Amino acid sequence: MTVLPSSDRKYRRSPPRSPLLPQKLDDDQSFDAHGSGFDGASTSGAVFNLSTTIVGAGIMGLPAAVNQLGLIPGLLTIMFVSMLTESSIDMILRFSRASKSKTYSGVAADAFGGAGSNILQACIFINNLGMLVVYMIIIGDVLSGTSVDGFHHSGVVEEWFGQHWWTTRSALLLFITFFVFAPLISFKRVDSLRYTSALSVALAVVFVAITAGVVIVKLMEGKIGMPRLMPKLVNQASFWKLFTTVPVVVTAYICHHNILPIENELNDPTQMKSIVRKSLTLCTSVYIATSFFGVVLFGDHTMDDVLANFDGDLGIPYSSLLDDLVRVSYGLHLMLVFPIVFFSLRLNVDGLLFPYAIPIAFDNKRFFSVTIALMGFILMGASFVPSIWDAFQFTGATAAVCVGFIFPAAITLRNIPGIATKNDRLISWMMIFLAVSTSTVAVTSDIYSIFLC
């Protein structure tokens, strides 16, 4: 029988404080609950699951952010945030081991008590729910199209089969929910998603490869000019606008809510630091390639969501086919990212609603009740309130920086186990400054846009 550390017994605000399946039932029965025969997750599976958590919809906003900053400062910013993310994750891992906590919320509880755990879980709830609604909206846009200012942009299913009741947004999202999402979100271990995560990463690479191919063809034909290497500063407003790109880059690296659930299932938890480094290297490479080729290809015409640039003539043969291939591959990519983000959403919601219950993985009735309720809410939001995108962009930006930077830094500065170094404290203050300034800029920009419109 597993004995929970005192901090996790006192503040068990979330099921992930215990692993999805107990790490030890007896001295020689690791991960063998319910007769599953699970011997622990592999390193490669963990790398793909963590990489999929990172690479979601945020990848599509990076080219516009890099174009705004200029190619050189933009790519350097991506690398800097990657290094900062690795530092914040390392803090979570070190303090979780020192406090013997099995979850991120358990580490927060050790530092700030039950209130800190609840606040962190609420931030994860806001961040993940917002991301999943946005994913559903994008999938709906890709498949069934969207209308902007009275003009309808057709989705790929509409283009292929015409307008019918079964090509509408609601019908397609219902179909995907029942036949794609439902099976994938029914798994009780994150490692069960390793193959779909690997495919998801491969689809992101497909997008990069297509974009790179188009750039190479157009370069050979002399149809591409020199991209802007530095930011274009014409007045004070253009200078302050540069800071609006920071939230895009920061939120593209938020994966902290899945770090400890992934580690808990590892066959060799000591490999987690290496797994984090490999995942961040892979994702940073994809981000840099996407941003570089996107900026070179579209230049100052790069849209906030670069996927929208693949809705017309690319200026090369088979342009329409490549447009469809990019949109379909990206839609499939998001479908496979969805369950890995939903995984931690469900655990944290269950922790908020049932803080003293047994882990959700051992209660089928609660597991499926919470799953169905969350999916119903996400589906309704994506089907009937597409403008919810703006609301979640507002709340998600603030919640994301709390999850990714403010909480790791605050836990380190609190330093209950007494393991923080002088360098840790310096990096923590840097994280808090970046997070607060990012949130301030994002919130101010959103409020300004609302009143301007």
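Count begins at 1; order follows the chain as displayed.
Placement of Cβ uses the backbone N, Cα and C atoms for every residue, glycine included.
Taken from TrEMBL as is:
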- 1-26: region 'Disordered' (REGION)
- 41-443: domain 'Amino acid transporter transmembrane' (DOMAIN)
- 46-66: transmembrane segment (TRANSMEM)
- 72-93: transmembrane segment (TRANSMEM)
- 125-146: transmembrane segment (TRANSMEM)
- 166-187: transmembrane segment (TRANSMEM)
- 199-219: transmembrane segment (TRANSMEM)
- 239-259: transmembrane segment (TRANSMEM)
- 280-299: transmembrane segment (TRANSMEM)
- 328-347: transmembrane segment (TRANSMEM)
- 367-385: transmembrane segment (TRANSMEM)
- 391-414: transmembrane segment (TRANSMEM)
- 426-451: transmembrane segment (TRANSMEM)
Query: Do the transmembrane segment (367-385) and the transmembrane segment (239-259) come together with 3 or more C-beta pairs under 8 Å, pairs six or more apart in sequence?
result: no
- Count the Cβ pairs between the transmembrane segment (166-187) and the transmembrane segment (72-93) that lie under 8 angstroms and are 6 or more residues apart in sequence, then report whether there are at least 3. no
With the greatest number of Cβ pairs under 8 Å to the transmembrane segment (280-299), the stretch among 72-93, 125-146, 199-219, 239-259, 328-347 is 199-219
If you count CB pairs under 8 A between the transmembrane segment (199-219) and each of 72-93, 125-146, 239-259, 328-347, the winner is 328-347
Residues outside the transmembrane segment (239-259) whose C-beta sits under 8 Å from one of its C-beta atoms, at least 6 past its ends, are 49-50, 53-54, 58-59, 61-62, 64-66, 68-69, 74, 77-78, 81-82, 85, 88-89, 92-93, 104, 124, 127-128, 190, 231, 233, 272, 276, 279-280, 283, 287, 340, 343-344, 348, 396-397, 400-401, 403-405, 407-408, 434-435, 437-439, 441-442, 445
